[in-house]
Amino acid sequence: MMQEDKAALLRALTIDRTRPPARRGVPWKTVAAGLAAGCIVAAGAYWYMIDGQPPARTAERAPAKAPPPAAAPRSEPAATTTASTAQARPATPVPAAAPAVPRAGSLVASGYIVARRKATVAAEITGRIVDVLVEEGMRVEEGQVLARLDAALAEIDLSLARAAVDQAQATVAGHQADLRDAESTLKRVRSLSRNANASEADLIKAQARVDSLRAQIRAAQAQIETAKLDVSRRAEQLSKYTIAAPFSGVVIDKNAQPGEIISPVSAGGGFTRTGICTIVDMDSLEVEVDVNEAYIGRVVAGQRVEAVLDAYPDWRIPARVIAVVPTANRDKATIQVRIGFDGRDPRILPDMAAKVTFLEDRA
């Protein structure tokens, strides 16, 4: 019995090499996934070798044939395909364009309207303002009174100078009366002296009195001239208390008010005005533009120009080159050109921005 059990156990442990080996089952899903991955890798390598980079959309399969012309493609996929193609293929490099060189007659420059005659009117003396007679935008003529200062003391000084003239004239008149009397006395003494009725001393004394009065008259007359000069000086000083327009123009800025102190120089404390108003001669307006020095050879005096103001872009203003300023700006490499308008227009104002086109016809 024991022998039979051992024999059975040995048979169970024995390997039967005549039987074919059993096959392990491989899941079909794994095989399918591997095949799909291989196809995707192969397709990617193919597109990379053709275009230089992988396709933008690897999840979609490219159609084998283009859709027939009659069939309208869907808008969204078509747009996506176009974008993918543009991204997939590198753009052909475009050579950089050379900088444009202005042709004759098309040179354009920018600048501003400026006034050749512009002045901030101030007083020549220090004083308190009692009246300001102008406002912004007012037209003034040359010599028109703009403001007045307190001139009470100056008027008193002028009156004293005039009184000094009157006094000197009265002194001369008195000396002239005395001189007439002295000359009459001298004549009588000379007559008596011929008849020995007057001494030599009386004659000398009478002559000395006449000479003295004549000298006093000359001195008094000189005092009259001095007093008259003083009157002129005082009158000139008094005129400085009235501030007038130096030329005809338009007031663009009013800087002072009655009661303020004005001075020809700044006091440094901020309480003293140095100007009454600013006047611009509108007939002196012109354009100042900066032209690149590389193109300044295209600009000559008298050349015709068209100016366009930024405020009126549709208005072309005929103008001409007045002068090319004979100096260059080192920092900007430009040369300033002055341009004058053929006519005047109230729409043209100082400090407006303008663009000018230099025309080909320079006549």
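Quick reminder: no glycine exception, Cβ is built from N, Cα and C everywhere.
Annotated features, as they stand in TrEMBL:
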TRANSMEM  26-49  transmembrane segment
REGION    58-99  region 'Disordered'
COMPBIAS  72-99  compositional bias 'Low complexity'
DOMAIN    118-263  domain 'CzcB-like barrel-sandwich hybrid'
COILED    165-230  coiled coil
DOMAIN    287-358  domain 'CusB-like beta-barrel'
### Task
Take every residue in the domain 'CzcB-like barrel-sandwich hybrid' (118-263), average their pLDDT values, and give the whole-number result.
90
#### Entry: Summary of DSSP states over the domain 'CzcB-like barrel-sandwich hybrid' (118-263), given as helix, strand and coil counts
83 helix, 28 strand, 35 coil
